[in-house]
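So Swiss-Prot lists the following for this protein:
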- GLY8, ARG11, ARG91, ARG137, ARG140: ATP binding site (BINDING)
- GLY8, ARG11, ARG91, ARG137, ARG140: CTP binding site (BINDING)
- ASP21, ASP23: Mg(2+) binding site (BINDING)
- 228-329: domain 'HD' (DOMAIN)
Amino acid sequence: MQIYKVGGAVRDRLLGQPVTDIDWVVVGASTEDMLIKGYRPVGTDFPVFLHPLTNEEYALARTERKSGVGYGGFVFHASPEVTLEQDLIRRDLTINAMAEDKDGNLTDPYNGQKDLQARILRHVSPAFAEDPLRVLRVARFAARYAGYGFTIAPETLGLMRQLSASGELKALTAERSWKEISRALMEEQPQVFIQVLHDCGALKELMPEVEALFGVPQPAAHHPEIDTGVHVLSVLEQSARHKHPLTVRWACLLHDLGKGLTPEAEWPRHIAHEHTGLRLIKAVNERFRVPRDCQELALLVGQYHTHGHRALELKPSTLLELLQSFDVYRRPQRFEEFIAACEMDARGRHGFEQRSYPQADYLRGAAEAARAVSVQPLLEQGLKGKELGDALKNERLKALKTYKTSTV
């Protein structure tokens, strides 16, 4: 039995990055051998075990053969006869197909170290094209390592285009797709993930609503970048630079989907795109079974982001409706995330990246003014039910009128 550290742990060590997760592969062992040594089986599709002391995952060396469509269309074979090289060749990229023994000796049969030094993301073998999930994985790695100067090898990008055109991306489950998308959006340069999917034709298959934004013009006075797709990439880039959470990044990606529905005759204006885009945002959310907090914020940002930009011009009654739509009294964090998405939208325009966004503090102040209204005096007057609700709304409206007068 020989045990090797494989994949990301080896790659990250060679890159000088912190190693967080460690994967191990075991060569020359059977399931019975692992059980005798106290390892606990956890794998369902292939033999994976937890170390009895560290709880790290140890997988038996295995081969795989394509047997159907999609990510799950494979037959796996694990036995003591499977070599380390056979196990490594089934991996996606050469930089992920290296192994280290307990003494730190490197096994690198597919030149992963060379590609690491050359900053190239290259597939290990033609079998890459058998797994559609790898299109998303490579795009995610491109987003992760763009800051290090990594690019995708032309031949690998060619296979990604081939996979995208094959229709196999549609066989990916919502869960697997969202796992990759959500991880990619939390990388340092998530806009690279979307750009790569666009370049290889995968965005058209996975999120045609986002793909439709490329080539759609906006007024140059407000959007020097003009292209709506380019704008969305810039907004996403800003959301990562400001370290915003997944909810905000997802909302940034989807906020302008309605512009893809604007008739060409109306370009570059996009009247009511906030409302026309809602059904598209809902469709994307449902397609990937997106978590509820991400769904809700994306819909709210899509509907109200122009309210955010015009915050200082809004009538107090409109401002009150906005605050109530976000339930700022019970969910203040969601309104804060809305403000963040609006600010990223404003900064995601070429030449506006460093421009101040006074609407942010104004909206925060408005929320604070409305929240400061106490219901207690109204209760002491004996009000209840609809009468109480109407009275509380009127008091909040008064507070917002006072706030607007003293601020704007």
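Each position is counted from 1, following the chain as shown.
A Cβ is built for glycine as well, from the same backbone N, Cα and C atoms used for every other residue.
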Validating a neighbour-count step here. Other CB atoms within 10 A of the CB of ARG140 (ATP binding site): how many?
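I get 22 for this one.
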Out of GLY8, ARG11, ARG91, ARG140, point to the one nearest ASP21 (Mg(2+) binding site) in space (Cα versus Cα); all of them are binding-site residues in the record.
GLY8
How many other Cβ atoms sit within 10 Å of the Cβ of ASP21 (Mg(2+) binding site)?
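By my count, 10.
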Which three-state DSSP class does ARG137 (ATP binding site) fall into?
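DSSP call for ARG137 (ATP binding site): helix.
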Considering every residue in the domain 'HD' (228-329), what is the mean pLDDT value?
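Summarising the domain 'HD' (228-329) by its mean pLDDT gives 98.
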State which of the following binding-site residues has the fewest other Cβ atoms within 10 Å around its Cβ: ARG11, ARG91, ARG137.
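Looking at the binding-site residues ARG11, ARG91, ARG137, the Cβ with the fewest others within 10 Å is that of ARG137.
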Cβ within 8 Å of the ATP site's Cβ centroid: which residues qualify beyond GLY8, ARG11, ARG91, ARG137, ARG140?
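Along the chain, the qualifying residues are GLY7, ASP92, LEU93, ILE95, ASN96, PHE141.
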Of the binding-site residues listed here (GLY8, ARG11, ARG91, ARG137, ARG140), which is spatially closest to ASP23 (Mg(2+) binding site) when Cα positions are compared?
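Out of the listed candidates, the nearest Cα belongs to GLY8.
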In Å, how long is the longest CA to CA span across GLY8, ARG11, ARG91, ARG137, ARG140, which the record gives as the CTP binders?
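In whole numbers, the farthest two Cα atoms are 15 Å apart.
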Looking only at Cβ atoms, how many others are within 10 Å of the one on ASP23 (Mg(2+) binding site)?
18
In which DSSP state, out of helix, strand and coil, do we find ASP23 (Mg(2+) binding site)?
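Note: ASP23 (Mg(2+) binding site) is in a strand by DSSP.
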Within the domain 'HD' (228-329), how many residues are helix, strand or coil going by DSSP?
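The composition, in the requested order, is 76 helix, 0 strand, 26 coil.
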